[in-house]
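Okay, so here's the structure we're looking at.
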Amino acid sequence: MVVIEQEESEQRNASPSNAAGAANDASDGFETASEADLASDDDGGDGGADRQQEQKHPEEHQRQQQTEQQPEHNVPQSTTESSENALITEESPEKALITEESPENALINEEESRQKALDHANEAKLEGNKLFVDGKYEEALSQYEVALQVAPDTPSSVDIRSICHSNRGVCFLKLGKYDDTIKECTKALELNPVYVKAFVRRGEAHEKLEHFEEAIADMKKILEIDPSNDQARKTIRRLEPLAAEKREKMKEEMIGRS
């Protein structure tokens, strides 16, 4: 009988340690704040009672530990936090009004873009003028073409576009491409019907091609715009005999063919 009681006593003494070992094996090694507090209070308060409860019910204590160790992100947000996040993520009406472009702002931006394009065209035109003075007519033609491409198609750019067409005309005149001069000057006059220089350059190209009647017509247009233009008047007096001579030659050729 003594032996049996001793074995039972040994079994009772061994049970608490086995239960504690099972509880320790169930832990994942992540110590929470509550576990640390419990560890520090082992010698006081209700710590003894807690340890006894742990020894008696190791599985329940393990479930309690797992509940305490649930990650914080699994806890649903409060209504207040959800409302605050909605206010942050949802665009406010005031912000929508700021980001949405008003008609007035659209007009201002469009005007600014046109002005920038006009400034760019003017810079290209000035560069073309420099190249023309240096006798670099081909390069000047390219710069005038750039100016025409970037200049906006608006009334404010009529002057620069007509000037660039006329300047291209004089470049072609220097290069001996008289037909191209006539085309460019005609484009300039379509934009600006009172552009005297375009009439002068087109008249010169007509004269080079022996289009004397057309050249005289351009000089007369100049006199309509500027009656005091003596150069145009002199050119008419010079070209009229040439035009008459050409007419006579054409008549003779027609008679000869018949």
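Placed from the backbone N, Cα and C atoms, the Cβ positions cover glycine too.
Where the annotation comes from TrEMBL, it is an automatic prediction and has not been curated.
Taken from TrEMBL, the feature region 'Disordered' covers 1-121.
Annotated compositional bias 'Low complexity' per TrEMBL: 13-37 (among others), in sequence order.
Here TrEMBL flags 48-63 (among others) as compositional bias 'Basic and acidic residues'.
The annotation compositional bias 'Low complexity' is assigned in TrEMBL to 64-73 (among others).
According to TrEMBL, the feature compositional bias 'Polar residues' maps to 75-86.
Per TrEMBL, compositional bias 'Basic and acidic residues' is recorded for 111-121 (among others). If you look at the compositional bias 'Basic and acidic residues' (111-121), the same-chain residues 6 or more away from its ends with a CB under 8 A from one of its CBs are 146-148, 150-152, 154, 156-157, 160, 164.
Broken down with DSSP, the repeat 'TPR' (121-154) shows 27 helix, 0 strand, 7 coil. If you look up TrEMBL, you'll see 121-154 (among others) marked as repeat 'TPR'.
Residues annotated as repeat 'TPR' in TrEMBL: 162-195 (among others). For the repeat 'TPR' (162-195), the DSSP counts in helix, strand and coil order read 27 helix, 0 strand, 7 coil.
The annotation repeat 'TPR' is assigned in TrEMBL to 196-229 (among others). Secondary structure of the repeat 'TPR' (196-229), assigned with DSSP and counted as helix (H, G, I), strand (E, B) and coil, comes to 27 helix, 0 strand, 7 coil.
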Whole-number mean of pLDDT values that fall within the repeat 'TPR' (162-195): 98
List, by number or range, the same-chain residues at least 6 past the repeat 'TPR' (162-195) whose CB is under 8 A from its CB atoms? 121, 125, 128-129, 132, 137-138, 140-141, 144-145, 147-148, 151, 201-202, 204-206, 208-209, 225
